[in-house]
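Here is the structure we will look at, set down as structure tokens.
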Amino acid sequence: MQRAVHTDVADSFSALAWHNDALRLLDQRLLPGREEYVDCTDAAQVAAAIGDMLVRGAPAIGIAGAYGIALQARAIGSSDDWTAALAEAFEMLEAARPTAVNLSWALKMMRDRLARLAPHADVPARLLEAAQSIHQSDLEANLTMAKLGMQLIRKHHKTPQNILTHCNTGALATGGYGTALGVIRAAQAAGLVDTVFVDETRPWLQGSRLTAWELQREGIQACVHVDAAAGHLMKTRDITWVIVGADRIAANGDVINKIGTYALSILAMHHGLRFMVVAPSSSIDMALENADEVVIEERSADELFVLGGQTVDAGIPAFNPVFDVTPADLIDVIVTEKGIVERPDAKKLADLMSHRHLH
Ligand SMILES: CSC[C@H]1O[C@H](OP(=O)(O)O)[C@H](O)[C@@H]1O
């Protein structure tokens, strides 16, 4: 029995959906001006969509990767050796983007599911069920985290707050509803949001293009600013929270997230703002002792030099790392669907991941 993915509780749109035996992706490169969809029917198309950031966001690329395996199995149809038949698909999807752990986590879940299937199972159908389960579980995790994060805000404040956020962590980056933006949605519903201050998030503009698009659709009061204005806003506006997502959380609580997050954490510390990271447990990499070893994705210089079709290249090279590392000691709280971890450290994360956590 296939589990339908219900995203109606989240939003009238979804970054990705199983539609007519294809993975239908909202092309995020075209937002906010154009809402166009692309249907993928095999792993190579999904891998290209992830690499080109047609679909992006740590949980969303994990979910897309899982569907990519299911699509490839459908394209193959039948095999006496599914592990061999799907080997290339796993390889190309794992290589699509290096930093977010959710992609490799989801592909491992698919490998494990494949390994447990009975010899004469309907592999394409069972792998599709597994991908849909990963999708639905991510949405459910986001709804849980949204409630936990909102309750944490309400523990400290009874009146609407100004919140600063970075990049896009909404329904576009996940299986629905969002991580950090999910907390902001739940806080808005609880009357705890005055204004959301949105970093534009150069160079790909996930903030000014995607987060702004999501907030505007829901009538949540917000404004966009250049990334470099964040410190000035923390100094001059009554902002109380910085709430961001994560692409990978190391076992010691270090957080790898969109470039600029590290600077925000230092600014937040200096100005006395609370710094909240919201991420599902599929973003926690307990095999990574600290973030020093993580691969920080570097993307094309064109992302800096091409603006609205106009090239602003002055003829010198560009350095375009798209993630950075925020040390655990600059993070007030990590919110996951398993619970919240205040002042995160290795022991607290180990307890969380082993279900010994109390929250
Ligand atoms: C809900 S996590 C989203 C996470 O992914 C983004 O990266 P990208 O847009 O490059 O895929 C960014 O780091 C967000 O925090």
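Each residue, glycine too, has its Cβ placed from N, Cα and C.
The feature active site, proton donor is assigned by TrEMBL to Asp247. The DSSP secondary structure for Asp247 (active site, proton donor) is coil.
The annotation substrate binding site is assigned in TrEMBL to Arg56, Gly57, Ala58, Arg97, Gln206, Asn257, Lys258. Secondary structure at Gly57 (substrate binding site), as computed by DSSP, is coil. Within its own chain, Gly57 (substrate binding site) has Ala15, Asn168, Thr169, Leu172, Ala173, Thr174, Gly245 as residues 6 or more apart in sequence whose C-beta sits under 8 angstroms from its own.
Secondary structure from DSSP puts Cys167 (site 'Transition state stabilizer') in coil. The Cβ of Cys167 (site 'Transition state stabilizer') lies under 8 Å from the Cβ of Ala173, Asp199, Thr201, Gln206, Gly207, Thr211, Val244, Gly245, Asn257, Lys258, Gly260, Thr261, each on the same chain and at least six residues away in sequence. Annotation comment: TrEMBL describes Cys167 as site 'Transition state stabilizer'.
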Task: DSSP-derived class (H/G/I helix, E/B strand, else coil) of Gln206 (substrate binding site) - done: helix
Open item on the list: As a check: which entries in Arg97, Asp247, Lys258, the recorded positions, place their Cβ less than 6 Å from an atom of ligand 1?
Closed with: Asp247, Lys258
Task: Residues that sit under 8 angstroms from Asp247 (active site, proton donor) by C-beta distance, when 6+ apart in the chain - done: Ala58, Thr99, Ala100, Val101, Asn102, Ile256, Asn257, Lys258, Ser283, Phe323
TODO: Could you list the residues of the same chain, at least six apart in sequence, whose Cβ is under 8 A from the Cβ of Arg56 (substrate binding site)?
DONE: Gln28, Ile50, Asn168, Leu172, Ala173, Gln206
